Number of protein chains: 2
Amino acid sequence: MVNNKIPQATAKRLPLYYRFLNNLHIQGKDRVSSKELSNAMKVDSATIRRDFSYFGALGKKGYGYNVDYLLGFFRKTLDQDENTPVALIGVGNLGTAFLNYNFTKNNNTKIEVAFDADPSKVGKSIGKIEVHHVDDLEAHIGDIQVAILTVPVSEAQPMTDRLIQSGVKGILNFTPARITVPNDVRVHHIDLAVELQSLVYFMKHYPLDVE
Amino acid sequence: MVNNKIPQATAKRLPLYYRFLNNLHIQGKDRVSSKELSNAMKVDSATIRRDFSYFGALGKKGYGYNVDYLLGFFRKTLDQDENTPVALIGVGNLGTAFLNYNFTKNNNTKIEVAFDADPSKVGKSIGKIEVHHVDDLEAHIGDIQVAILTVPVSEAQPMTDRLIQSGVKGILNFTPARITVPNDVRVHHIDLAVELQSLVYFMKHYPLDVE
DNA sequence: AAAAAGTCGTGAAATAATTCACGAACGAGT
DNA sequence: ACTCGTTCGTGAATTATTTCACGACTTTTT
């Protein structure tokens, strides 16, 4: 279950690989080379081979990789067979978008329950997910371990504390707040304003084909 | 204008630094140490000092950094004085969320115009931004150089090609497609499904305080 | 005025990630 | 069978990033 040998940079690319292989599978393609993968995913082919090699010799020299075999391998590696339930905290603009977004499409994750502090939203269902009041968080979160946090920045830390109290071990944080958590809880930040600003900075200061 | 000396990892953190300093400024704080910044932003204090040092000696030994001075410096560095107009392509769930989201708050970027292929959306205004039909892209995009791409995956590459034809030089791509662009165009990908899946993978395979 | 405590800036070390480049193996064509 | 072209897997080199650790200097305290 524990696997510390895989570099983090590699681990971050695994879902990308998985989805792309899944697409190839659907298209009926049965073999693929690191070069083709590289062109499609914009990752250097040597990096792809190196990434795969951490899991063993998955390909054949002179041939490439068998799509189905590779896909099956990644399915196991990424635990695609078991579903991961997710709670959404904060049904604002972004939260609503996620409720309507079908994560499950290429993915084993699914938002099972949503919470908001606004009484006018409570009781409604958005994208088939029922919205509960945040006051009832503890009553409805069950043993869900993953949360998407799309609350106002002032609520980020208090809500995080409650989530952790309820047993959540992973948070995808869309608020600008850098939340504090115990070290057995994993947080990934996605800060949309920062991403946009960062893009602009790179455009102005890193001309041509850098990265 | 061109600045290739700054490591990319540093450049990605600049907007984060800027926003945090801005908050400190608003709070009326006039000095701050790398240690405090580190606690708040969850970035190692040595990394912060190193990052700042690429821009020169901005602090004082034994004292820390002057918030206003640092903020002013980053304002210039991040070109916060000039506004950057942005076009939004695709007014679906996610696109609508962005239109309602106020990027300008801590930021010099602003969505100026939006496009969608759905006639029922065209002509409406969402968050004060008028929605045009994508067919009229060329007529209404003007000389906007930055685009947020929130279209269905099948439209990603064709729309990218048109954006580039219209002079766009930077794309924030929220589609799962890895788009192909000339090497003077910068693309940053944010793939929400991948981020969620990645979080789950890290939770299961990288226990405790890794990262 | 001196001592103590704090903090930066940075050389150097450590760690992480990418990329090069090539031997070995395979498939296809003749 | 043999040759040619392809492609993996990986040692080694390179590049990028983080972290340590300490001298130099500032502020605060006594």
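Backbone N, Cα and C define each Cβ position, glycine as well.
Taken from TrEMBL, the feature DNA-binding region applies to B:16-55. Broken down with DSSP, the DNA-binding region (B:16-55) shows 28 helix, 2 strand, 10 coil.
Marked as NAD(+) binding site by TrEMBL: B:Gly90, B:Val91, B:Gly92, B:Asn93, B:Leu94, B:Gly95. Mapped onto three states, the DSSP output places B:Gly90 (NAD(+) binding site) in coil.
Positions annotated as domain 'CoA-binding' by TrEMBL: B:79-178. Residues of the domain 'CoA-binding' (B:79-178) grouped by DSSP class, helix first, strand second and coil last, total 32 helix, 29 strand, 39 coil.
Among the binding-site residues B:Gly90, B:Asn93, B:Leu94, the ones with a Cβ under 8 Å from a Cβ of chain A are B:Asn93, B:Leu94. With a threshold of 8 Å between CB atoms, the same-chain residues lying at least 6 positions outside the DNA-binding region (B:16-55) that come near it are 5-7, 10, 63-68, 70-71, 73-75, 77-78, 80, 106. Most Cβ neighbours within 10 Å, among the binding-site residues B:Gly90, B:Gly92: B:Gly90 holds that distinction in the structure as shown. A sphere of 10 angstroms centred on the C-beta of B:Leu94 (NAD(+) binding site) encloses 24 other C-beta atoms.
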